[in-house]
Each structure stands twice: as C-alpha cells, then as structure tokens.
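Q: I have a structure I would like to understand better, so I am pasting it below and will then ask my questions one at a time.
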Amino acid sequence: MDQRVKLKQSVGLIADTMDILHQLRLMLDSVHVPIACAFRAESYVSPLADTADLWLVVSEDAADIFDKLSDETDSPIFLSDTVPDITDKLHYEQWRQSMLDKVLETLQASAPPVVAEQSSSVGIDFRDVWVIAASLGGPEAVKEFLAYVSPDLPVAFVYGQHIEANFAERLPDILNKHSSIETWYAENGRVLHRGALAVFPSHQLTSVDENGQLNVAQTVSWQAPYTPNLNQMVQNIARHFEHRMGVIVFSGMCDDGASASVQLARKGMPLWAQEPEACVCASMPEAVIESGFVGVTGTPMALAEALNTRYGCVFQPEESNEE
C-alpha cells in the first residue's frame, strides 16, 4: 500500500443513495471534518481506498463493501445498514451523535502529532488550573473578573467562551487591556503557566497534557452543538488535573458545562459561579447553582477577590489605561 502524506485527516463516504451521501456530508461539515471522497455504493472505485483516514459506509451491502475495503486500506471502517428517517428526530439524532462521537474519537486518537512552533520546553510552574466557562455576556464579566485577579496566583487559567472563531482570536487583545493576567490565544504546543490565561479555540478540539502542554486538533472540532463544548473542555482538563483544578461559570445561555463541572464538584473540586443577578443571561450559572455544589457565588469582582484570598494573595488593581 502506497504511503501518502496527509496534511489533514479526512473521511471517505460510501452510501446507497445521493440523499444519504448528502446527509453524511452535512453531518461531517457540522464538525469541520474534511471529506476525502464520496461514492454511491454501486460506483465505488477501489484504487482510491487509501485516500481517506477513515471510511464511513452506509449501505445494505455494507458487509460486502467492508470485505473489499479492508483488503485495500488500513484505515478504520465504520458500517451502518441505513440512516434512520430524518423525520424521526429522536432516533435520527441518537444515530447521528453516536456516529459523530465514534468518528471524532477515532480521528483524534489516530491524528499524527503536530510539531509545535512555540518553544518546546515543557514544565509546570503552577499549582492549579482554573477553567473559566462563559457564553452570552461572558466577555464583559470575565474582563471585570480578570481586572481584580492577582497575577501572583499559583494558577493557570483556561477560558472557554461560546463565540465565533474570529472573535475568539481577538479576545486576548481585549482582555489584556484591563488585566495584569497575561492572556493569549491557545496554539498547539504552547504550555500553560502561572499568572496567565489561555483562550481556547471555539472550533478546534483542545486538550492539555500532564505537562500543561496544549494539543489543538487541526481537523477535529468540539462535539456539537456548542463551540467550544464546555462539558468536553472541563473533562479534557480533568484527565490530568482532576485534583488540581476548579471551575468558575460566568454569564451564559443554556447549561453547557454544568454536567461535567457538577460531576467533578461531587468529588471535591471547587465550583464557583457568577451570581445570577449580575449576569446578562443567568442560565449557565443557575444550572450549576441548582445542583447545590457551588461553593462561592458573587459578582465578577467578588469572585476574583475570593480567588485571591484562597491563595493568600492581596492585590490592588491599577487604574485602567483605557481612555
């Protein structure tokens, strides 16, 4: 089998009908997974078997196609006899999400390492990681919070904000004007460090290894429907820092982040929230407050002061340089 240079992981599609191929395209497009090629089952061309990193086959003849494909490629092959009727929303969505989970997990696990362009030195200079989770009204609240956080805290921050990708990249510029906390946009290979905050990409799945080094997926996005998926983000941090982390939930719609945060709070992780009265949208803070596991609530300034106190730091913010 020829060895090919693959700049991006991609999926090959085979299905019985053009309608099913269209549904599969839409499904993969929703999580930004490239499609290498797509064929109706009757017109599949075998020499192209090794052009995809994963094959998704939806056909009544799936078993026969599997036999043919498996002789021609080492790439994973997922099979399904059919796609549930899209009008059966519950059944279809369950099938869709299950298939996406398998595809994303497989692509992420098999992704070739990307050489970091940043410094390759790896080490931990922080005691804990604190996750900042926010949605609607979040940037304003987080800006106020960071203005009162001591840069001497032995803490590295990661920030997940429901926002479009181009705005996520601009957040560090906005936040750095009002804070002594160094804020930067997360890039593959960079390392978390104390007194700094990494804004996670909204459309690229991002995790942190045991050394605090970021792994930003090049072709895999967060699980739908949220960008980023805050539950997934909290879980990714907890893989290596479960007993050295906390979560602060700020203003936002929906309940994203609640299930993962509450699950960890049951094990003793500190979980804090912006008080609902101070939120543009209180849904996200209320979702964790109602669990009974939130230890501290308050305005963004009060939360910052509580965090300073937790680590024995006293901080007097300077006057803003903003005109």
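First residue shown is number 1, and so on along the chain.
Each Cβ is built from the backbone N, Cα and C atoms, and glycine gets one as well.
A TrEMBL annotation is a machine prediction, not a hand-curated record.
Per TrEMBL, the features are:
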DOMAIN    123-294  domain 'CheB-type methylesterase'
ACT_SITE  Ser135  active site
ACT_SITE  His162  active site
ACT_SITE  Asp256  active site
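Mind running through what each feature is packed against?
A: DSSP gives Ser135 (active site) a coil state; it is part of no helix or strand. Neighbour list (Ser135 (active site), Cβ cut-off 8 Å, at least 6 residues apart, same chain): Gln161, His162, Ser251, Gly252, Met253, Cys254, Asp256, Cys281, Met284.
His162 (active site) carries neither a helix nor a strand DSSP state and counts as coil.
All protein chains shown were included, and the count of other CB atoms within 10 Å of the CB of Asp256 (active site) stands at 27.
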Q: What kind of secondary structure is Asp256 (active site) part of, going by DSSP in three states?
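A: In three-state terms, Asp256 (active site) counts as coil.
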Q: Tell me, how many other CB atoms lie within 10 A of the CB of His162 (active site), whichever protein chain they belong to?
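A: The Cβ of His162 (active site) has 22 Cβ neighbours within 10 Å.
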